[in-house]
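J.: What Swiss-Prot records for this protein is below:
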BINDING   C345, C348, H554, C575  Zn(2+) binding site
BINDING   D406, D475  Mg(2+) 1 binding site
BINDING   D476, D496  Mg(2+) 2 binding site
DOMAIN    339-575  domain 'PRORP'
TRANSIT   1-43  transit peptide
Amino acid sequence: MTFYLSGFRSIPKLWKSNPYFELGPATSSTPFFLCAIGNQQRWFSVKPTTPPNSKALNLLDTKARTHRKGNDNNGQVSSDPHYFAAGAAKKRSHIGANPQNQGHALPVRSSVQLPTKPLNSAEWDKLKEDFKGKASFEDFIISQMARNCCSVDVAKSLLAWVAAKNNGIVGYNLLVKYLYLCVFHKQTSEVIDVYEIMKAKYKSLESGGYTLLIRGLIHSDRWRESLLLLEDIKKVMVPSKKNYGDCIQGALLHQDVNTAWNLYQELIGHNLIPPLETLKAFFDYGKDINDDHYSDKLLDILLYLRNNQLYPGESFAHSIKTWFESIPGRQWKGQFTTIQKSGQCSGCGRTIEPIHLSPEEYEFLKEKIMRDVIDGGDQYKKTTPQELKRFESFVNSCPPFDIVIDGLNVAKMFPKGRESQNLLGVVSQLAQQNLQLLVLGRKHMLRPSSQWRKEEMEQVRKQAHCFFADNISEDDPFLLYATLNSGNHCKFITKDLLRDHKACLPDARTQRLFFKWQQGHQLAIMKGFQKSKLTFQHILSYDTVVQRTGDSWHIPYDEDLVQRSSCEVPTKWLCLQRKTPDPC
């Protein structure tokens, strides 16, 4: 699509030179817009050739130092975080990485260097003449500019050159990428100029264009027009949580609280998870008002975080603390702390909710797992119904197990040892404790080879119940069935974090119960395991969710520089205590 610059506001006004606003943090703005637009067209596929800004470099350098410090302690068993601690998976992946493969990535080079200042027509002609790429020069340059968040003035000089060469015509793609830069640099007046052109030329836009305009308009006195754009999106699809989040923040910025809450309820009604920065905005706004109804809604947000096992970031946690401490007459006091292994808060001494499921929760989860995971069907095409039936009969013929072992997984935990020897070492030590053991394996483990000694596997079978599935079968359905069928006391050993099984559960409550059960039942062998002594990492005794106990709140939060996977939980907490009771 194309449009003519002439006819829509004067060219001098459109390309006026304004000093742009202070650059926002690249880590928050860039990924959002590239993802939002990338779903429509692959506009931002070219990798940057210029260095990232110094703030980003400093952040990456800090992260690198943090990881190096964490890896220096890998030999110390006492310093290991628990298996589900935030950042633990990242550390394990670093440990398992091959250092010979690191540092050999080839830099991506383009045939032109992005300009750092606006160019005139002759300079753009020369740059295009030097361009050797197969792609369109104009598309390549504007994509590079968007990826590197270049100056709006430089991008403006590109579009002015294109317009001069094409009788005032600039392609839609160039315009939208220019809009991206205007939004990123918070050039509100430029956003409005582009908005006027698009509104006059097009009856509707693709979702990426709407997303950019909404985010760009919310900071202006024309922010309500972002709500009209949201309505345009609703005509063809459910707006994204980012679209809703931006409109909510616009309403709060302009003190329209009712609109903000209405949009929030609409977002929740679509079963969308609100962006955490949107929830943070509600707390930031709340510290300036004294309204019990508003306060109740903020407490509902905390319960929403609990029910959906969501964790605020560090900045959000500070906003929550500030809001609590700003409530007049309540004398809330917050502190950032940790939870001891016993489950006691290091700040206030209160005991956090236990990780163990109640009998009712356990039976509910067991029924769901049996129905949606074990008998789910399609996601386990490699496991036949006949084999599952054979396994069920086998389990029912055995006494309840104390520990279920993923045999192949455990055998491969220690690369220096023979696999059958590794498995035998673990089984032998557990058997000495008179535990009922089940080893799950594959049939190839029974065929003698350099890794699987016949005599060692015979010793395994003497000390534990064993079930060997077909070589193409999935292990996990068997492991889950045997563990849950044996009762709430039964634990299991595997390095697999069972992400896929959690994901296939039907609702947030079941997924949360599954993760809670997993944290309380999955045993992780220490990295420093010696064949003569088997040691497990401690299992968390407490549940890592937002929780309220009388006159206190405990809120786990994500640290800024810790990369947490979806199967991990934060290790830092916000502890809030109230010195005076609620008024009657």
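Quick reminder: no glycine exception, Cβ is built from N, Cα and C everywhere.
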J.: Rank the binding-site residues C348, C575 by the number of other Cβ atoms within 10 Å of each Cβ and report the first-ranked residue.
T.: C575
J.: Counting every protein chain present, what is the number of Cβ atoms, excluding its own, within 10 Å of the Cβ of D476 (Mg(2+) 2 binding site)?
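T.: Total other Cβ atoms inside 10 Å, all chains included: 20.
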J.: Starting from the Cα of D476 (Mg(2+) 2 binding site), work out which of the binding-site residues (C345, C348, D406, H554, C575) are within 10 Å.
T.: D406
J.: Around the Cβ of D496 (Mg(2+) 2 binding site), how many other Cβ atoms lie within 10 Å? Please give the count over every shown protein chain.
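T.: Cβ-Cβ neighbours of D496 (Mg(2+) 2 binding site) within 10 Å number 14.
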J.: Using CB atoms and a 10 A radius, I'd like the single residue among the binding-site residues D406, D475 with the highest neighbour count.
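T.: Most Cβ neighbours within 10 Å: D406.
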J.: Anything within 10 Å of D496 (Mg(2+) 2 binding site)? Look among the binding-site residues D406, H554, C575, comparing CA atoms, and list what you find.
T.: D406
J.: Please report the distance from the Cα of H554 (Zn(2+) binding site) to the Cα of D406 (Mg(2+) 1 binding site), rounded to the nearest angstrom.
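T.: That comes out at 35 Å between the alpha carbons.
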J.: Quick check: with C345, C348, H554, C575 left out, which same-chain residues have Cβ atoms within 8 Å of the centroid of the Zn(2+) site Cβ atoms?
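T.: Apart from C345, C348, H554, C575, the close residues are Q335, T337, I339, S346, G347, G349, R350, I352, S552, W573, L576, Q577.
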J.: Could you check the binding-site residues C345, H554 and say which one's CB has the fewest neighbouring CB atoms inside 10 Å?
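T.: Each of the binding-site residues C345, H554 was scored by Cβ atoms within 10 Å; lowest is C345.
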J.: Return the member of C345, C348, C575 nearest to D475 (Mg(2+) 1 binding site) in space, with distance defined Cα to Cα and candidates limited to these binding-site residues.
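T.: Result: the closest of the binding-site residues to D475 (Mg(2+) 1 binding site) is C345.
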J.: Using D406 (Mg(2+) 1 binding site) as the reference point, find which of the binding-site residues C345, C348, C575 has the shortest Cα-to-Cα distance to it.
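T.: The smallest Cα gap between D406 (Mg(2+) 1 binding site) and any of the binding-site residues is with C345.
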J.: With DSSP assignments reduced to helix, strand and coil, which class does D475 (Mg(2+) 1 binding site) get?
T.: coil
J.: When DSSP is mapped onto helix/strand/coil, what comes out for D496 (Mg(2+) 2 binding site)?
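T.: DSSP assigns D496 (Mg(2+) 2 binding site) to coil.
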J.: For C348 (Zn(2+) binding site), what is the secondary structure by DSSP, using just helix, strand and coil?
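T.: C348 (Zn(2+) binding site) sits in coil per DSSP, no helix or strand.
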J.: Could you please provide the mean pLDDT value for the domain 'PRORP' (339-575)?
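T.: A mean pLDDT of 88 is what the predicted model shows over the domain 'PRORP' (339-575).
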